[in-house]
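Undergrad: So TrEMBL has the following annotated:
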- 20-260: domain 'G-protein coupled receptors family 1 profile' (DOMAIN)
- 6-31: transmembrane segment (TRANSMEM)
- 38-66: transmembrane segment (TRANSMEM)
- 72-93: transmembrane segment (TRANSMEM)
- 114-138: transmembrane segment (TRANSMEM)
- 158-177: transmembrane segment (TRANSMEM)
- 209-228: transmembrane segment (TRANSMEM)
- 240-262: transmembrane segment (TRANSMEM)
């Protein structure tokens with residue numbers, strides 16, 4: 001079959017996603033110091049995005065090399081599970097950031113570690129179930145009238161996925177608003193103690209709120225068009241509409257390592273240790289809170 005330029009772009013996007021996130025996973029696995037709950041969550045996000053990138057590559061290969069209904073279902077289910085795990089990991093990171101501010105005194109405890117592991121187990125469990133639905137029969141291979149804008153997923157399947165995304169987005173929006181309130185309240189308390197709000201405190205508060213806005217804005221701009229189109233779109237519409245909304249959604253997995261990993265000082269230092277040997281392997285790390293945004 002002739003190559004579809006959109007499929008090529010998705011494959012290129014998947015390659016970039018896989019390379020970026022493979023590096024993050026390697027750094028976290030290589031560095032014993034990066035074992036805090038915050039980096040466990042970042043590792044989960046990078047793993048999910050890595051699998052999503054590999055899924056895009058495999059989907060391209062099997063689409064043009066091995067054309068099979070069974071393989072198509074497996075690759076689509078793999079992609080659904082991977083992207084669902086990525087979005088769920090983002091929610092888990094948001095919850096962790098909120099808890100690190102709301103329960104700052106008890107954050108560094110065994111209870112936090114248990115909470116993080118429970119969130120990850122639930123996120124990956126639900127994502128795996130969503131990915132298995134097309135494989136177990138929730139598909140439109142034998143009923144084309146039930147197809148959605150993303151074949152071979154059914155309309156009810158993509159509606160469920162879109163509703164789950166909207167719910168997660170609203171929860172993240174609420175939590176980030178609460179985080180902004182806590183950050184502003186802390187800045188106000190510091191100002192009262194020092195009898196005035198210094199320029200550094202104002203800049204730090206503004207930077208924190210701006211960073212949160214960028215994080216949520218990037219997530220929404222990447223996924224909202226595709227989620228909305230899955231609900232309002234019709235399978236008879238030109239496939240270019242599906243590609244045009246799906247491609248930006250994949251960019252979120254490309255941007256995640258930059259936002260959550262490469263900007264972190266500990267991971268930057270670990271990269272130097274891993275590739276350049278500029279520091280000793282047992283370099284000391286300063287434990288940072290996930291609230292350091």
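Note: Cβ is positioned from N, Cα and C throughout, glycine not excepted.
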Undergrad: When you look at the transmembrane segment (240-262) alongside the transmembrane segment (6-31), do they share 3+ Cβ pairs under 8 Å, ignoring any pair fewer than 6 residues apart in sequence?
TA: yes
Undergrad: Are the transmembrane segment (114-138) and the transmembrane segment (240-262) close, by which I mean at least 3 Cβ pairs under 8 Å that are 6+ residues apart in sequence?
TA: no
